[in-house]
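Taking it in order: structure first as structure tokens, then the write-up.
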Amino acid sequence: MAKVRVYELAKEFGVESKVVMAKLQELGEFVRSASSTIEAPVVRKLTDAFQQGGGNGRSAGRPAAPKKAAPRPSAPSPAQAGPSQAAPAAGDRAAAPRPSAAPKAPAAQQPAAPSAPAPAPSQGPRPTPGPKPAPRPAPAAPEFTAPPAAPAAPSTPAPAPSGPKPGGARPGAPKPGGARPSGPGQDRGQQGGQGRPGGQRPGAPAQRPGGRPGGPRPGNNPFTSGGNAGMARPSAPRPQGGPRPGGPGGAPGGGPRPQGPGGQGGGPRPQAPGGNRPSPGSMPRPQGGGAGPRPGGGPRPNPGMMPQRPAAGPRPGPGGGGRGPGGAGRPGGGGGRPGGGGFAGRPGGGGGGRPGGGGGFAGRPGGGGGFGGGGGRPGFGGRPGGPGGRGGTQGAFGRPGGPARRGRKSKRQRRQEYEAMQAPSVGGVMLPRGNGETIRLSRGASLTDFAEKINANPASLVAVMMNLGEMVTATQSVSDETLHLLAGEMNYTVQIVSPEEEDRELLESFDLEFGEDEGSEEDLVVRPPVVTVMGHVDHGKTRLLDAIRKTNVIAGEAGGITQHIGAYQVATEVNDEERKITFIDTPGHEAFTAMRARGARSTDIAILVVAANDGVMPQTVEALNHAKAAEVPIVVAVNKIDVEGADPTKVRGQLTEYGLVAEEYGGDTMFVDISAKQGLHIDSLLEAVVLTADASLDLRANPVQDAQGISIESRLDRGRGAVATVLVQRGTLRVGDTMVVGDAYGRVRAMLDDNGNNVAEAGPSTPVQVLGLTNVPGAGDNFIVVEEDRTARQIAEKRAARERNAAFAKRTRRVSLEDLDKVLKAGEVQQLNLIIKGDASGSVEALESSLLQLDVGEEVDIRVLHRGVGAVTESDIDLAMGSDAIVIGFNVRAAGRAAQMAEREGVDVRYYSVIYQAIEEIEAALKGMLKPEYEEVELGTAEIREVFRSSKLGNIAGVLIRSGEVKRNTKARLLRDGKVIAENLNIEGLRRFKDDVTEIREGFEGGINLGNFNDIKVDDVIATYEMREKPRV
């Protein structure tokens, strides 16, 4: 049985918790607080102590005269029935007689069910209840018929019979109709376990047949005292001490209950054998006509009030003396107990289930049996122990009635348990098991994202990663390798969604599609070819475009090299027909690999410029590979044929090795020898471009759809804001359109062509500069025109969040527990923090990638804190101050206040206009941050010829310098027979004759003092050396 707590016992005894704790200490039992639990033997001992004391507990019930009616209490009194107190019997439903008409005779004689043998009564003093609410004034006692003679208990002061009940006390709960009065006239027996005076019921056998063997006996409750073995509670005497009503079907010695006007008897309810019933006023009861409200109440039910289940008996016959008119039971309800009608069952409800009796507290309509019968309304019905059985506690304590036995598990429960048993466990953490399913995750996803896909707890995944040697948090972006490792442990397959595919899914969620021409074949019109000029640096790409456009762009480029992507549209005559060609100029420096790749992806034809005097160079091969990867046709322009040493034939032979075979050699690649500086053969090159486009490409687009294209370059203009150079690939872009470019969006405020002229619209294959974006987009980002600004904003924000996660996952280094020592020693690793600002996004990207590729050793590292397009601002200086960063301005300068702030705070701001100068200086700074490396340089050796002992200085070695020289305050080691005897010694004293000297050269003699080291012998060798800094490579 469950242990009870101190405050529960205090509530049962009707005293404060500190009184119970004090009594426990008197008994030698120590408890910590009122919430402490105590064992059953201690409960019995405590109950006996309160019974003997009498003052603190509830006194034994005694007859009381009727008192004047008192106001009805609003709540059940806490001093009512409990499981182990000697309060009035919980089963007694006695109440003051109500004013009623003359009693009616019961409709029929109810044959009584056989009763179970009552246990031996045990008498003893029991505590009396606390002050009870005064009952209503009792009316004149009705006339009763004399019952058959029965022997009365010798020590029973009240005439009300009270038989011991087989079960324990039943819990009481306030009934909805109000509490019934508890006062004089309620005690039906003073001592617990005392038999009824009426003896055996009429018509009932002496012993109940078929009692359940092995059932709990009344005296088995460990929370009752030894003197209360019968479990019967004392009851208050009935009003005016009158005899118990009896009649046909009633209890022995009592007549029928007087009936009220409403058809309900006003007399006290009869007591049935089988245990105590809830205390008066503790069980709620729907208020009916003629039944007055009952004052008083009881404590809330607790586990100590659980009744025992007695032996089952036969179901009582229907139609006993109920509370209905004429004593008959209600329709469908069982009869009352013999000796007085109980509360009969409601319509549709089963009868009461007390042993040998009819309706107890009956179930609601449609419910099961009453209190102790079949499962009735929750809170009333007991355990469905069958008719005549004492129910469990499910109904009594607000739980739905149901079988006590363990229900059969459903298939779903069994399957879940089986899957839990089969789930993988890593380090004691249970994980869901996959069946090889493919989980799609974006790059830079966190463990929380992964857990949502597989319905797992993110904290479990963090614990598993710790067991696998990886330290990550639940919301931290993790690398692809980490996700694959974790998924493999749970039998899942992780598919990292590429940025292109993720972007396509994002657009599809807004019913947008990029890269497809809308409409039918009739809507497609011919568009100009897009040609990208590629090649090695200084091979003449920009000069060629100048010659075609008849301009001088190269004069404006710093250092004479192109560091931006330029897009131009040129109208030329080919075969007496004017044709437009769009040219894209890409940088040739090795730092602009990504820029060249973007140019190749957005083009139709690639012109590979190769200098005739240099031949094929590294960036030539790289540009060639980009063009092949983009699957675009290539036209080779052999430039600088007019310079000394030019050999176009050599160039053709070199390119043959890379799969470009000239037409004159039987291939399909067109080679054109030109001189951009002199303007030679430019027309032939343009003709070759047009012929290649017409022969191998279908250049058509739909000009009436919403514009789509690619951002070639972008920058932050001081007067215009964000300016993006875009190439329209399909559709027509107009001023006023809402467009989203990467993570930037906005409404097109103005458009400029390559000559700086305002244009109202741009068709397919037209490069324009767009003004009106919220921020500077990245080079190579796709743009698309949408209908609403809200859609553009949502797409841009989601793209920005995705890029942040991917960048964080890229920057985050995997830290394993094995490498934790190295990480904790991170102070030894020097970091060069950089803030990069440039004039164009492509240049900033190229500079960042080139700097991050610098590798000068593991002791130093580069960390780019921030990169952006535009001038150096005060916020950049603030960031540099907080992180000791160097600000790099690439083709931009610091604004007025930002420059003053940088000078005042000592922030290092460096300006560059050529990319390779920036790379060289940053590399030199990294090498300067390296810790110096030292190497050992041998100075000389000295042979000990004599050992001189000095009380002041110790042993002094008289030596002959064999090689090199010996200097004072240098390091030395002592060798004996070729073995090192001592390391890291210091030459503390050096003398030649009696003079202190700083060095002794080869062939001279002298004296050497090695400080505190005195273990020197003749013929030992002293080798001296010094540590010199080694230059870093």
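A Cβ is built for glycine as well, from the same backbone N, Cα and C atoms used for every other residue.
Looking up the ranges 11-14, 599-602, 639-642, 875-878 in Swiss-Prot, the one annotated as region 'G4' turns out to be 639-642. Swiss-Prot lists region 'G3' at one of the ranges 433-436, 585-588, 717-720, 729-732, namely 585-588.
For the region 'G1' (535-542), the DSSP-based tally of helix, strand and coil residues reads 2 helix, 1 strand, 5 coil. The average pLDDT the prediction assigns to the domain 'tr-type G' (526-698) is 81. Taking the Cβ of K541 (GTP binding site) as centre and 10 Å as the limit, one finds 29 other Cβ atoms among all the protein chains shown.
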